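Worksheet for the structure shown next.
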Amino acid sequence: MSPTKSAPDVSPTRSAPDGSPTRSAPDGAGPAEEPRHLDPSLLLVLTLLTAVMLQGPIRRALAAPVMQSWMTVFVAVVVQALPFLVLGVLLSAAIAVFVPPSFFARALPERPVLAVPVAGAAGAVLPGCECASVPVAGALVRRGVTPAAALAFLLSAPAVNPVVLTATAVAFPDDPRMVLARFVASLLVACAMGWLWHRLGRADWLRPPSRPVPGGRGGGAAFWGSVRHDVMHAGGFLVVGAMAAATLKAVVPAEWLSAAAGHPVLSVLALAVLAVLLSICSEADAFVAASLTQFSLTARLAFLVVGPMVDLKLFALQAGTFGRAFALRFAPATFATAVAVSALTGAVLL
Amino acid sequence: MNRSTRSTRNVRVRPNRQAQAALLFLLGATVLHAGWTDLHLRYVKAGLRPLLLLSGAALIATAAATVWYERRHAPPEHHPEHHHPDDLPGDHHPEPRVSWLLALPLLALILVAPPALGSYSATHTGTALQEPLGFPDLPARGPLRLGVGEYAARAVYDDGRHLRGRPVTLTGFVALDGSGTPYLVRMTLNCCAADAQPVKVALTGGVPPVLQPDSWLELTGTYTPRRTKDPVNDGPVPYFEVTAARPVPPPADPYDDTGAG
């Protein structure tokens, strides 16, 4: 697939050099029809130096309280997610380079219908938040794991691992059933989405991630190439997601929430939407849910189930890894399934 | 990018390997710097520090490996003058332009280093005071130094049992709500600043006449049973009877480490 497809927009910081007319091509050395390339490294240096020179005006422009808290939340989301992203990227590179495809063929049941729950349960072994699971799921698909199973893993890993479940238990000391409900509901949604993909999914929605083929190169080169590619790729989308989350955090007024809290159906939907907008990492969302005391336990369960599976940051990451056509279909379907399953689980267990 | 000659004649501004290595190195160095100093405490919990340092080192290692393999594997004809740019052996898949966005958090951290969340967020978010599991014993008499969250929890949910009739010292920053009511606030973090929530204590008594929002104060005073409601979420807000106020520099960890739960 052409790489232009995956490049939706130009960074605002760089639009000026991009469109600048300074590229007067003629040059003694090269042939006339061969344009000089604007050296990206040079561009990076120029951008950084310009920003350093203009730091006084930039700081003044950002001094408004809204801008400051926007920046703080933006930086916080990136700083929080980056270590987990790097962890996931290292793991996914190790899977992609050092684990032979035959391993997954043996480890997973041959029939996709059975492979889905096995992969979903295997999500319990990846301790981390959702940023780590996206690159790992991408590596699984590349390693020949059936997409349905990889997607079940993608959804379940951030929600059912021991770290997240422990955090949930700590956050809800009075309601230990919350942990069970979260585990059951998340696993159910992951399997349901895996089976749904198996029945309805089409391979052409899923863009196989483009990457340098490690043809003939050693393991080290392939490993670091994969790490570099994934960090650059997913990192860019992480920044997009962080910007969206910071904007919504600054814009959405808290009063709307208390208005929705009283209504049983509306409260579930409100917290599910809030989980999407806030994009809190799955290791922390339990504490936030615990503080939303005006909402019912079922509504808070929806918050905990939806958050690790669909949010702005994840959507951007998924679009970057699997393609926009995939993310546009997968995220809404997951959202609907997650809300329905949490409502049911909440009715039964809580 | 909408010129007719799209493919080769355009300026290619996708980051090539060298630019990627530079970006990765800078990002890693920034993360290391933030993790090494107290800068990260403005954005995330102290517990993330080892992971930050590790990921910073991993990013720098990736940058180094990129340069290393680029030099070792670059064939001699690796020059744009001789080849169609898209045929370059080492450059089959230039990263998308969205990768450049990684420069944004970099710049934000290096140039601006935005401050920890302050009075703006505090006045726009309801107090996150929650009933704690229990109240550990305090020293029976003498002055007390408490976190804002702990004072608020003991005042609201323990009727100030151990607080009555003794001097208490609190440290936090000043926030003024829409009607000018002064609060002493400390934000609490669970994971990162995106989930920060304030715990507020309303001030009465010898409040300094001029209060600058976001300025840090060390207040000494006494417990008072008076309560009010947070204008944002109707959460309980206890009062604090101030007797003395002293401006202090912001602490290294600006967030309340007792946590909201």
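Counting begins at 1 with the first residue displayed.
Glycine is treated like the rest: Cβ placed from N, Cα and C.
The structure displayed is predicted, hence computed values, not measured ones.
These features come from TrEMBL:
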- A:1-36: region 'Disordered' (REGION)
- A:41-58: transmembrane segment (TRANSMEM)
- A:70-99: transmembrane segment (TRANSMEM)
- A:148-172: transmembrane segment (TRANSMEM)
- A:179-198: transmembrane segment (TRANSMEM)
- A:231-252: transmembrane segment (TRANSMEM)
- A:259-280: transmembrane segment (TRANSMEM)
- A:286-306: transmembrane segment (TRANSMEM)
- A:326-349: transmembrane segment (TRANSMEM)
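Listed as Cβ neighbours of the transmembrane segment (A:179-198) (distance under 8 Å, sequence separation of 6 or more from its ends, same chain) are residues 112-113, 116-117, 119-121, 123, 146-149, 151-156, 159-160, 165, 168-169, 172, 301, 304-305, 308-309, 330, 333-334, 337-338, 341-342, 345-346, 349-350. Segment contact holds for the transmembrane segment (A:148-172) and the transmembrane segment (A:286-306), given three or more CB pairs below 8 angstroms at sequence separation of 6 or more. Sequence-distant neighbours of the transmembrane segment (A:326-349) (same chain, 6+ residues past either end, Cβ-Cβ under 8 Å): 151, 155, 177, 180-181, 184-185, 188-189, 192-193, 196-197, 205-207, 268-269, 272, 276, 296-299, 301-302, 304-306, 309-310, 314-315, 318-319.
When Cβ-Cβ distances under 8 Å to the transmembrane segment (A:231-252) are tallied for each of A:41-58, A:70-99, A:286-306, the top count falls to A:70-99.
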